[in-house]
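S.K.: OK, Swiss-Prot features for this one:
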- 1-20: signal peptide (SIGNAL)
- 74-79: disulfide bond (DISULFID)
């Protein structure tokens, strides 16, 4: 009986962990927060302000895309990190 209860709890915990990883929450990112999250997603840095990361925000460092831009996709409506990653340079 005890083994069955432990096994049941283990299955529930694993399934909850797996499902939470699959369901990333879409969020809105605007202004400085959008710049900071792009720096983190694309370059693995936390932008502290100032000019030390300014070259990263030049157009040559971001992938050019046709259609809506990152502000349209992630500020005006919620987006997931995968959308933000699609704007990183290759």
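The backbone N, Cα and C atoms fix where each Cβ goes, glycine too.
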S.K.: If I restrict to non-local contacts, at least six residues apart, and a C-beta distance under 8 angstroms, what lies near residue 79 (disulfide bond) in its own chain?
M.R.: 26, 27, 28, 29, 73
S.K.: State the three-class DSSP label for residue 74 (disulfide bond), counting H, G and I as helix, E and B as strand, and everything else as coil.
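M.R.: In three-state terms, residue 74 (disulfide bond) counts as helix.
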S.K.: Let me know how many other Cβ atoms fall within 10 Å of the Cβ of residue 74 (disulfide bond).
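M.R.: Its Cβ has 25 other Cβ atoms within 10 Å.
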